[in-house]
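Asker: First, the structure itself, so that you have it in front of you.
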Amino acid sequence: MATIEEIAHQIIEQQMGEIVTEQQTGQKIQIVTALDHNTQGKQFILTNHDGSTPSKVILARQDSTPGKVFLTTPDAAGVNQLFFTTPDLSAQHLQLLTDNSPDQGPNKVFDLCVVCGDKASGRHYGAVTCEGCKGFFKRSIRKNLVYSCRGSKDCIINKHHRNRCQYCRLQRCIAFGMKQDSVQCERKPIEVSREKSSNCAASTEKIYIRKDLRSPLTATPTFVTDSESTRSTGLLDSGMFMNIHPSGVKTESAVLMTSDKAESCQGDLSTLANVVTSLANLGKTKDLSQNSNEMSMIESLSNDDTSLCEFQEMQTNGDVSRAFDTLAKALNPGESTACQSSVAGMEGSVHLITGDSSINYTEKEGPLLSDSHVAFRLTMPSPMPEYLNVHYIGESASRLLFLSMHWALSIPSFQALGQENSISLVKAYWNELFTLGLAQCWQVMNVATILATFVNCLHNSLQQDKMSTERRKLLMEHIFKLQEFCNSMVKLCIDGYEYAYLKAIVLFSPDHPSLENMEQIEKFQEKAYVEFQDYITKTYPDDTYRLSRLLLRLPALRLMNATITEELFFKGLIGNIRIDSVIPHILKMEPADYNSQIIGHSI
């Protein structure tokens, strides 16, 4: 039988060898694969790239570890290690390591970094990497850095050139198994919770969705675990990397942004997140002037009838009010004049309704809704990040919530109910109004992608045994109900007037047990229904059953669990603060300061 050297010469003469570049030194070599039926494994014969006599003859066997083979024949320099960075063991990324240090011994085999091929220091974040790639991955995930590739997104990442393209380096880290949950666990200790699951939108986590449609990566999700939520109703692990392409999102040339620059580009986004997050930490940090005022107030307690509990309540209410005043001012000013004019115009024509049901209501002349109530414009935070994170989703949802509150406040009849009744109505039906807003802003918010993210999060959490089957079933049912409702509304091609009347009918629902003046609220609902019927008859005279089809969609709103909606869309932004607790402060804002209608996409 011919020797290995003879087989090598025969193959080289037939020009069947492959010339590759060794990434460590940049030297071109020729690798030839010879088959010997009497020997198990693959045999690699490395020759000079000019086809001369082979400089090295190496017999290699494939190891059980994917993408790695070990040498069985050392050369004069010591033990070599042949390592392929592609799972199919192709020779496109060939790396050789020779160690001839006297203290290592001839049988010492070193692991290489799966990302760049440098000498690995151990397993970091789920993959064998060097210290350099470990630190790079940790910084990228913790700071949520966004990178761009100036090439074709297949840059060579090796020991010498790994810093040239941070985008490809990060993609390579993720592709070879580095997980973000390991990074998150280092940020704070894992808390022991009564349930094994955690929240789907924790404030320290990030939901990543690939935005670049040209990326060669396949849509394989990698789940990222979060620390257990302190709320007992925590639902899902949220931080995850999703290769889901948002439909309808324009692919833009990405810009390399550091964390500081990214925050400056998303000014109102970070401001909103910081202000709302501060509500979860009320009383923890105070400025010096505020401390002095508090001390004087505390001293006065000894000479006053005010109790300490009452003082703490006043202190908390003041913090919440100031935080939400700042939150409202962080949003760009828009069309607040419409709301002011509507409220001013109702004076003299509508009597304020208090909690006393004996007070008669004088019905306002004219329609319940005017043309100014039809416009419902939602502008998403700009710019849209390359990787959609939970704070971006949270602020988008909070803008929709603010916009819905602004819409309700602009209705004179709603204002006529008085502050307490108005707050009770919004507390009771904010989830229904928010869900209708999701359907109306389906394309602007790219709701389909957000829901797909939640579904993949559930699948991965179940596979990793992070929640029970019953809990997963509950969440999946809610998400599918939400998706089904929005899809059905989109198919009906509902216009702005129809959405306005549907929301008015939902808002003035008198069947909640905590409401007062139910008869007055019912009159508003009846008036909204009559106006809705007149509009449908005039606008769609040939569609006899359109009104019935639209009204029959409203019962599905009652099936939406407000707690789960809150967990999915708002928990990552406001922590343990409940939507019910912030609604009064939103509705008590001054009209000049309150405005979440930012000029932008018109629905």
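Including glycine, each Cβ sits where the backbone N, Cα and C put it.
What Swiss-Prot records for this protein is below:
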{"type": "REGION", "residues": "1-178", "note": "region 'Required for interaction with KAT2B'"}
{"type": "DNA_BIND", "residues": "110-185", "note": "DNA-binding region"}
{"type": "ZN_FING", "residues": "113-133", "note": "zinc finger"}
{"type": "ZN_FING", "residues": "149-173", "note": "zinc finger"}
{"type": "MOD_RES", "residues": "S197", "note": "phosphoserine"}
{"type": "MOD_RES", "residues": "S215", "note": "phosphoserine"}
{"type": "MOD_RES", "residues": "T220", "note": "phosphothreonine"}
{"type": "MOD_RES", "residues": "T222", "note": "phosphothreonine"}
{"type": "CROSSLNK", "residues": "K250", "note": "SUMO2 cross-link"}
{"type": "DOMAIN", "residues": "348-590", "note": "domain 'NR LBD'"}
{"type": "MOD_RES", "residues": "S581", "note": "phosphoserine"}
{"type": "REGION", "residues": "584-603", "note": "region 'Required for interaction with NRIP1'"}
{"type": "CROSSLNK", "residues": "K588", "note": "SUMO2 cross-link"}
Asker: Determine the most Cβ-crowded residue among the recorded positions S581, K588, using a 10 Å radius around each Cβ and all protein chains in the structure.
Answerer: K588
Asker: For the region 'Required for interaction with NRIP1' (584-603), what is the mean per-residue pLDDT, to the nearest integer?
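Answerer: Taking every residue in the region 'Required for interaction with NRIP1' (584-603) and averaging pLDDT yields 51.
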Asker: For K588 (SUMO2 cross-link) and S581 (phosphoserine), determine the Cα separation and express it in whole Å.
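Answerer: The Cα atom of K588 (SUMO2 cross-link) is 12 Å away from the Cα atom of S581 (phosphoserine).
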Asker: Go ahead and report the DSSP secondary structure tallies for the zinc finger (149-173): helix first, then strand, then coil.
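Answerer: Tallied per class, the zinc finger (149-173) gives 8 helix, 0 strand, 17 coil.
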Asker: Counting by DSSP secondary structure, give me helix, strand and coil numbers for the zinc finger (113-133).
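Answerer: Its residues divide into 3 helix, 7 strand, 11 coil.
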Asker: With DSSP helix as H/G/I and strand as E/B, how many residues of the DNA-binding region (110-185) fall in helix, strand and coil?
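Answerer: Final tally across the stretch: 28 helix, 9 strand, 39 coil.
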